[in-house]
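Trainee: What Swiss-Prot records for this protein is below:
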BINDING   Gln162, Lys336, Arg365, Ser366, Lys387  (2R)-2-phosphoglycerate binding site
ACT_SITE  Glu204  active site, proton donor
BINDING   Asp241, Glu284, Asp311  Mg(2+) binding site
ACT_SITE  Lys336  active site, proton acceptor
Amino acid sequence: MSLIKDIKARQVIDSRGNPTVEADVILDDGSKGRGISPSGASTGSREAIELRDGDKSKFGGKGVLKAVNNINTEIRDLLIGKEATDQAAIDNAMIALDGTDNKARLGANAILAVSIAVAQAAAQSKGLPLYAYLKTDDYKMPVPMMNIINGGEHADNSVDFQEFMIMPVGAPSMSEAIRYGAEIFHALKKVLHDKGYNTAVGDEGGFAPDLKSNEEAITVILEAIEAAGYKAGEDIMIAMDAASSELYKDGKYFLGSENKTLTSKEMVDLLSDWVTKYPIISIEDGLDESDWDGFKYQTEKDGKRLQIVGDDLFVTNPKILKEGIEKGIANSILIKINQIGTLTETFEAIQMAKDAGYTAVVSHRSGETEDTVIADIAVATGAGQIKTGSLSRTDRIAKYNQLIRIEEELGSKAVYPGKDAFYNLK
């Protein structure tokens, strides 16, 4: 038995300088776990609700003392004496206590911090690393999506699309994939500098230059890949997050940097042309979260050659994902633990995706912390892909360093899938 003895929460700070929730769970055998909730900038309308205080005199209204208090009172009272190793029972008890569909009463940020902390404490009690404790499938090291050019909501620049990423599919291991990424990141800094562009970084550690067009983001990355000594299309593939819900207004997509307005079909066709022209293997949220007809068209047109990832579309919600699978919408889901708010529901979404032949990409948020739980989740579930930012900023690097450690611990069991991570593409 590993019974919960005490729970304590506090307000801490995320990578954007905004408050977030941290929870500690202590078990009767002295084991202790800690969890911190991340926070997003571009959010899907159907995400679980972060509880914020709304007191404009403190942190601009973004304080989380109400959520902290909910942990220190109601959630603590509920969970004291409960068995920590029964994660599903713990998570379901918190969901029932909250009583809303979207965790709005207690706050998904409160529930998630406790969910993570319970798992960490239980793993420590059993003497296991977190990934081993959480294991639901064969271990797989995740191929990283490394966000090296930031735009959209993640940067104050002229680039409309939110993320341009590299994926080291040709690397033989996790640690080598990280080396490939770091070398390209440094090469890109030089490419941008030589062209007279700013080399300041955005929320996720990627560069945020004022480029002449959205397409130039791809061409400068291709230059950097070559300058670093790698081959685009073989060693490295490109991935994008268009975050198109941020560009959608009155049924059209507005690309401000190019002063263009596109219909849903035109948006799909634009992205499709890029997939033909460049080594792009994955596009996330190419359309607005409500534009299911557009996603259907994109899936029918490009779903056999392109990973079409639903983020705002599915918000890590098994119910919404199930509907998408039934309608043939997209072929991949982005997994953000705070979109749904418990580890149990996160694992359910990953398993549902796999069972349907969809891929799952475990992801950070733009407001991150030193918490590395998503690295362990990616390995434990065999998801095969992770999106955790660029090769700068400690809030991003913490996850890469954890993956290096896990790979070392696993030894010969550490399989790095490379292009096999895209098991549903032809």
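Heads up, residue numbers simply count up from 1 along the chain you see.
Glycine residues also receive a Cβ, built from the backbone N, Cα and C atoms like all the rest.
Walk me through where these features lie, including what they touch and how far apart they are.
Mentor: DSSP assigns Lys387 ((2R)-2-phosphoglycerate binding site) to a strand. Counting Cβ atoms from all protein chains shown, Lys387 ((2R)-2-phosphoglycerate binding site) has 29 others lying within 10 Å of its own Cβ.
Neighbour count (other Cβ atoms within 10 Å of the Cβ, all protein chains): 30 for Glu204 (active site, proton donor).
Taken residue by residue with DSSP, Asp311 (Mg(2+) binding site) is part of neither helix nor strand, so it is coil. The Cβ neighbour count for Asp311 (Mg(2+) binding site), using a 10 Å radius over every protein chain in view, is 30.
Mapped onto three states, the DSSP output places Lys336 ((2R)-2-phosphoglycerate binding site) in coil. Around Lys336 ((2R)-2-phosphoglycerate binding site), taking its Cβ as the centre, 26 other Cβ atoms fall within 10 Å, counting all chains.
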Trainee: Over all pairs within Gln162, Lys336, Arg365, Ser366, Lys387, the annotated (2R)-2-phosphoglycerate binders, what is the largest Cα to Cα distance, rounded to whole Å?
Mentor: 17
Trainee: Sorry to bug you, but what's the C-alpha spacing from Asp311 (Mg(2+) binding site) to Glu204 (active site, proton donor), rounded to the closest Å?
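Mentor: Approximately 17 Å lies between the Cα of Glu204 (active site, proton donor) and that of Asp311 (Mg(2+) binding site).
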Trainee: Express the distance between the Cα positions of Arg365 ((2R)-2-phosphoglycerate binding site) and Asp311 (Mg(2+) binding site) as a whole number of Å.
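Mentor: Cα-Cα, rounded: 11 Å.
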Trainee: Helix, strand or coil: which one is Glu284 (Mg(2+) binding site) in, per DSSP?
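Mentor: DSSP assigns Glu284 (Mg(2+) binding site) to strand.
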Trainee: Given the binding-site residues Gln162, Ser366, which one is most crowded in terms of C-beta atoms within 10 angstroms?
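Mentor: Checking each of Gln162, Ser366, the winner is Gln162.
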Trainee: So, in DSSP terms, is Asp241 (Mg(2+) binding site) helix, strand, or coil?
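Mentor: The residue in question, Asp241 (Mg(2+) binding site), is strand (DSSP, three-state).
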Trainee: Between the binding-site residues Asp241, Glu284, Asp311, which lies closest to Gln162 ((2R)-2-phosphoglycerate binding site), Cα to Cα?
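Mentor: When the Cα distances are compared, Asp241 comes out closest.
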